[in-house]
Structures are given as structure tokens and as C-alpha cells.
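Student: Below is one structure. I have some questions about it.
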Amino acid sequence: MFSFMFLLLLVPHVLFSSTHVAVVSPQDPVLLIGSSLTVTCSLSPELGLHAGTLYWTLNGLRLSSSSYSAASSNTLSVTLHNLNGSRQKSGDNLVCHAADGHVLGGSCLYVGTPPEKPLNLSCWSRNAKDLSCKWSPGGRGETHIRTKYSLKYKLRWYGREKECENYSTGKQRYSCYIPRNLALFTPYEIWVEATNQLGSTSSDITTLDILDVVTTDPPANVQVSRVGDLEDQLTVRWASPPELKDILFQAKYQIRYRLEDSTEWKVVDDVGNQTSCRLAGLQPGTVYFVQVRCNPVGIYGSRKAGIWSDWSHPTAASTPSTERLQSGSCDSKPSEQNSTLRRELKQFFGWVRKHAYGCSGMSIKLYDQWRVWLQKSHKTRNQVDSSR
């Protein structure tokens, strides 16, 4: 009814007093899409108007007189068939007009469908004290008429039902935040109810323990640096997430990296609880983008892992190029010999590269020893060649 009353306020020079008006019925009906409806405009005799001179508009568009029916000199009806969904959540404006265009009365039509079951309910906690949840509306969403969504929760075996109060708006409107007063080591039942003027429904119940849905922001201060002159390795370091500094927990990390001109990421799963990792088996003279994410585990002794954080912002670094390492050579012949030796050793120690993938410490140490020996061998050869 609000939209129609607002429309009346906008119409200038209304000539009819509040006691001499037309009555439009039914008022503000709620209908399913595809329904038919007959609405009647009954004139007060004091108006001195004849029903045959009236006309109807729907959302400002004049309706065809073929849909009108005059039951008497004071009554004009309009019949609408196969109604479409309301164009606005506040209702569609059906208005009865006098011949000169003045508004006599009106009604708001709410045409839509009952809400469908909300889907994809998921929740997470940032510090084991709060809880955020989001969901998706079922089917086509709010289906033309305003639908109210309510996030409900309660302790599984006891306790009364509560409703979340901090609903988001805008693009994140299908979400709610519970900031405090949550119990640990006790499962909660959580669900979403959807209600509009045509019916109500609810999502499936999700059962969770707060400690099982703890997550963090991505690891901070991610730094990627070279490992001396080793052209196929990079070191990645990062800081633990600050949100859980006051909570007894461990964390496991994942790293992923890709070439600058590639969209394919390689994931390193065996990082464990350490906050640094050596990436090996990389291409020389190549720019890599690296990201890290965190999963808190063992919070307050819980055996279950939490939820993976988002990936950190990409950090870029390049491996040394082979050409730069060989820039001290003055003669092309020793350089060719070094290249041959390098290829032979790489074939012989190929298995080291495979075992050095990721963050495996023992194989990296062996691989480093081989690379140091190779570089010393090249240095000795260059010194001998230059003394000749």
C-alpha cells in the first residue's frame, strides 16, 4: 500500500475530499504467478461521476477497456489474467482514474511464488569465539516479492532457539554474523528460514562444532628470495596468522606457485607447521608467482582440522639465469665443456631433482652439496684456463 499512497502524494490538484472517494477492492492482494484477479472501483455518489467514464492503469500504463466491466453506474471492474511476477518488491500499482486523469483510488498487487528452500549454508569462525554464516536463496531467489531470511541456531541437545541479529546488506545480504556467546566443545544446529506472504520454508539443518570451522586470514608477510646462485631454487618465508595468537593450536600450510606466463598452479602439500619452504626443480632465469594459505589444526586439543584460509596475495621472484652464472668465462670452448658436464650431471642426478620437489629437507641438502661441488669445479676450470 505504501507505493500507492506515495503515488497519491505526487498527484497535484486532487479535487476529491477524503470523505468523497472511490473504494478499490480487494486491497493489496497477494497472488501466485499466473493467477487471475478482478478488482472493483466503487464510486461515492457525492462524486457525481459515472463508472463508464473511468479507466485503469497498472504501473502507469493504461489498461485496455476490453478488460473493464461496469456492474452499475457507480462501479467499474477490471479483470487481469495470467499475472506476471511483480516488477517491484513494494508491489505493482493498480489505480482507478477519473476521465480527466485524477486518481480515485488504488491497490498494490503482490504477485510471486512461495520461497524455495535456502541452499549452500556454510559457517566459519575467525577466532573460536564468533561465527559467520552465508547461504544461497533457493531457486530464482526472492521470486518478485520480498522474502525474509532468518538464521536460527541452538545447541544440539539442549538450549533454546536463537536468531542471528547482524545481517549483512547489499551483495552480502545472504549472510549473518554472531559475534559472541558461543559454546565450545558442544555441537550447534544451524538452519535458515525463508518467509514471504505466500508461504515459508527452511534449509536443511547443519550440525557443527565451532572448533571444526575455525579459519584465518591468509598468512602475512610472504617473502620469496633466491638461494644464492642456485638457478633452480627459491626460498619462501611467511608469518603465522595473528588471529589465533592467543589460542593453543598448530597450523599446516600449503604453497602453490606458477610461471609468470602460465595459469597452471603447482601445489606443495608437505609444508607442515613450518613457516618457510625451499622450492626446488624450478626453471633458471624465470619469474614465479607464489601464494601461501593456512589451515589451523589442533585448536584447544581438537583432532579435526579447520577450514583453509584464502590464498595470500601473489608474491613474485625470479630464479638466477644460467647465463649470469657463466658470465665469468672468457673462452667459448671451456663454456661448451661446462655445458656438456652440466647436462651429464643433471641426467645422473635427475632423481635428486624429483626427490627435492617441495620441502623435503634431506634431498635438498644432498642436492645442494652436488651444486656446490659443480660450481667449485667450474671455478677451478676457469682459473686453470685463465692461467694459460
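Every residue, even glycine, has its Cβ placed from backbone N, Cα and C.
TrEMBL lists these features:
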SIGNAL    1-17  signal peptide
DOMAIN    12-101  domain 'Ig-like'
DOMAIN    117-210  domain 'Fibronectin type-III'
DOMAIN    218-322  domain 'Fibronectin type-III'
REGION    318-339  region 'Disordered'
Student: Run through the domain 'Fibronectin type-III' (117-210) and tell me, per DSSP, how many residues are helix, strand and coil.
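Tutor: Helix, strand and coil residues of the domain 'Fibronectin type-III' (117-210) number 4 helix, 45 strand, 45 coil.
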Student: Based on DSSP, tally up the residues of the domain 'Ig-like' (12-101) by helix, strand and coil.
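Tutor: Here the numbers are 9 helix, 35 strand, 46 coil.
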Student: If you average per-residue pLDDT over the domain 'Fibronectin type-III' (218-322), what number do you get?
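Tutor: In the predicted model, the domain 'Fibronectin type-III' (218-322) has a mean pLDDT of 88.
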Student: What is the three-state DSSP composition of the domain 'Fibronectin type-III' (218-322), stated as helix, strand and coil residue counts?
Tutor: 7 helix, 55 strand, 43 coil
